[in-house]
Amino acid sequence: MKSSRMRTPARQMLPPKTPKSRQASKENLIKDPVQVFCRIRPMQSDSDLSCIRVVSSSTVALIPPESAVNYKIISNKETQYVFKHIFDVDSTQHECFTTVAQPLVEGLIKGRNGLLFSYGVTGSGKTFTMTGNRQDRGIMPRCMDVLFKTISDYQAKKYVFKPDRLNGFDVLSEADAMLERQAEINARLMKLERKDTDIEIASRASTDVTTLSGLDEDNSFAVFISYIEIYNNSVYDLCEPTTQRNQPLQTKIIREDINHNMFVHGVTEIEVKSVEEALNAFHMGQKRKRMGHTILNSESSRSHSVFTIRLVQAPVDQMGEDIVQDRDKVTVSQLSLVDLAGSERTNRTKNTGQRLREAGNINNSLMTLRNCLEILRENNMTGAMKKVPYRDSKLTHLFKNFFDGEGQVKMIVCVNPRSEDYDETAQVMKFAEITQDVQIARQTPMKPTFDSGLTPGRRKANQLFRMAMHNLEENGRAEARDLEIDLGLVYKLPSFPDFHLRSENIQDVTRELMNCLEDRIRCRQRLNDDFGARQKEVRKLLYDMESENIRVKTENAALTATLNQERERIKIYESKIMRYETSLDALNRKLRDKDDYISQMEVNLGEKQHQLDKKEHEKEKQRRKFNSKIHEEAEKRNRELNIKLSEQKRMLNEQMRSQEEKLRLVTDIVTGEQTVTNEPVSNLIRRFNSNCENNQPPGSERKARPRGTVVSNLRHRRSKSVGNEKWLEHRPSHPVPLGTILQPYYNAKTVTSPEMKDLKKAKSSRYCLIDQQADTDGELETKLYKGEVIPTTSGGAQVVFDDVECLKQKAPTDSPPRKRKSAHGADDQKTPKKNKSIDVVESRCSIGIQGHKKARV
């Protein structure tokens, strides 16, 4: 007794919130052991042997196999270990979450901290238990689901709470929060973010998510997450924003805040409003996490990862709308989910180089954790005050506050039942046994909000009041819009806590009682001040209302007189309006009649115009028809006249040639030396004509020989529209060059062996065949056979020849060729004219004509 009284003044001199004061008063606090759970991974192969047997829901037996290191010493010695709960191979993720993590989330909502470790050898299922996959979500996604389901209707707007980078939070006004939100929107517009949710941990809509109890409805909540890893005893921020894609992460340091809580300085805390945003941030960190391939695990974690959920809550004001702008009333609770890297033995993993260095750091950090827990257990059992070496490892240094009583600590031990992992599993079981013996001081619960003098249930009251106002407005009560919401204060002092006076804690009880009385005095003074202020406000309101009443009455009398005058004026205006409306109706009727008449006239005009257009079209059609007929008739007349003219010219030429022939014959007879008969001249002329007609060959008809210049070339075409026709020229492979000045010139495609595609695809309308041969005199003679390409009905083409041109050269000194008479009996042109005439006369006349004065008998 005396010794304890002597130590009491020393404890009073210490600050109330320093770690030493908490350590000194820890004996008087309620302590809870660290809860350790065991989860057994299913066997990967049916042929594997198991070294673990589940005895009950809290007991498991470890059976040594023949491959164990100390099998000869511990042969047939079964070791049993007791846990808080055993999750066998048939346990589900939901069962693990409900038993282990859901109480931690409930404490998080109530303002208490929580820490959950997953410990085990590599490949024992730690990461699957914490994160899960797409088909079976793990503890972390389920914690986010339950948390957002519970606070969904009470979340504060984004950026109302802002981290101060020193493990605390500032409360921003609505204007400042709106500026922060606008800056975030602008940043998103400048840089398009790609949604990249990990398909292995994607949280799908859950129907089994339940809402937790214990939520203070008069608080507003915000969720912040951070994700770090401890790699080679260095801390890295996995959510740190980087300017370059492969930029290495910077190491972080662990510091102590003003409340002696340990935190990672400069860590990125992301405010999330949904499960999807949280999982996106988690996946971004997962891609940066160090993973490696080992013999025992293809995707082995090479670092300890810590996913921290921080829940920030603050009370709303007395109106139940805005958050109280007081940093001291902000409560921050956190839940840390730690996925420890698996312990490894070098003789099994065969690691070398970097992997060996990583395994060494992992084992050292786990050994430091084990040493800290052993010292804590020894201090709890023996009452010793040994210093716990938290600073030997970043892992233990970061969670120092949890082991000092600043939160609840739980651990899930994951084991692989294969007999090959017996030695590692035995070490894990021993570590779990040590951990269960550690006693952690229970955290002080969060103070209720009505200690600050605010009305409990004010948020819901505000909602109900606004709902009633909305209903009144819908029912036509416009004055409900001007009603003021006044929930007021709760005029009630906080009750005294329960104290148990004992000699060893009388000083602590006295100090707590003094604090309670001081709180009651402050609350009472605050309530009195509020009551006086409200009295003054009521008096002022009454005075203002009375003054307003007098003023309103005066204005009402003046307005009543004005109203009567305005009513008389309104009656006069109404009578005028009636007259004007009658006149307006008459004008409207006339206007409608005129509009109907105009519409009818427009319809008639349209019909007349249509008839005129139709007549003009028919007239133009008849004119074109008559013009074509006149043109055809003129061409027909011209052809007939040309034929008649040609026939008349031919007949005239024949007559002239016949007369000339007769005259020539007569002249030859007169000048000839033949004997003239005494026959009358008329008879001689008649006989001459008959002989000339009989000397013509039978069946022949004398035709006039064309003489002089040719009148027209029937082969020549005068059409100007065929000048661009395309020719297909067929010539020999090696033609003799022409020496003529006049040579063929036309748009032609030259071929030596024409094919059907040359006639069809080349779109040739004319065809020309060139033939070169020697004439009778040995001179070169070139003939151009021209024809027209005509398509056939079968899809081919045919050539119809219609003209021939000849190109020939001769010397100017050569005699002209002999000209022969036609088949009508003409003589050779080389015979002299006189002899030819005599021969013709002798052939045609068989009598001679003589002239005498008297007739001879």
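The backbone N, Cα and C atoms fix where each Cβ goes, and this holds for glycine too.
Positions annotated as region 'Disordered' by TrEMBL: 1-26 (among others).
Across the domain 'Kinesin motor' (33-438), the model assigns an average pLDDT of 84. Residues annotated as domain 'Kinesin motor' in TrEMBL: 33-438.
DSSP assigns SER124 (ATP binding site) to coil, not to a helix or a strand. The number of other Cβ atoms within 10 Å of the Cβ belonging to SER124 (ATP binding site), over all protein chains shown, comes to 28. If you look up TrEMBL, you'll see GLY120, VAL121, THR122, GLY123, SER124, GLY125, LYS126, THR127 marked as ATP binding site.
Annotation source TrEMBL lists region 'Disordered' at 608-633 (among others).
For 608-621 (among others), the entry in TrEMBL reads compositional bias 'Basic and acidic residues'.
If you look up TrEMBL, you'll see 809-842 (among others) marked as region 'Disordered'.
TrEMBL lists 824-842 (among others) with the feature compositional bias 'Basic and acidic residues'.
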Site of maximum Cβ density within 10 Å, from binding-site residues GLY120, GLY123, GLY125: GLY120
Candidate with the highest Cβ count within 10 Å, taken from the binding-site residues VAL121, LYS126: LYS126
Count of other CB atoms lying within 10 Å of the CB belonging to THR122 (ATP binding site): 23
Cβ neighbour count (within 10 Å, all chains shown) around THR127 (ATP binding site): 24
